[in-house]
Amino acid sequence: AGCKYLFGSCKEDSDCCKHLGCRRKAPQYCGWDGTF
């Protein structure tokens with residue numbers, strides 16, 4: 001499966017690649033979580 005990249009659709013943070021987190025509200029996509 002692999003992880004979702006920036007702006008990839010998601011349901012939770014674990015769907016996203018490292019340093020990305022899932023947005024809590026619509027539209028739900030992976031965004032940078034502020035970490036390096």
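Using the three backbone atoms N, Cα and C, a Cβ is placed for every residue, glycine included.
Only one of Cys17, Cys22 is recorded by Swiss-Prot as the disulfide partner of Cys3: Cys17. Rounded to the nearest whole angstrom, the C-alpha distance between Cys10 (disulfide bond) and Cys30 (disulfide bond) is 6. Cα of Cys17 (disulfide bond) to Cα of Cys30 (disulfide bond): a distance of 8 Å. Across the structure, Cys16 (disulfide bond) and Cys3 (disulfide bond) are spaced 5 Å apart at their Cα atoms. Here the disulfide-bonded residues are Cys16, Cys17, Cys22; the one with the fewest Cβ atoms within 10 Å of its Cβ is Cys17. With respect to Cys30 (disulfide bond), the closest of these recorded positions in Cα terms is Cys22, chosen from Cys3, Cys22, Phe36.
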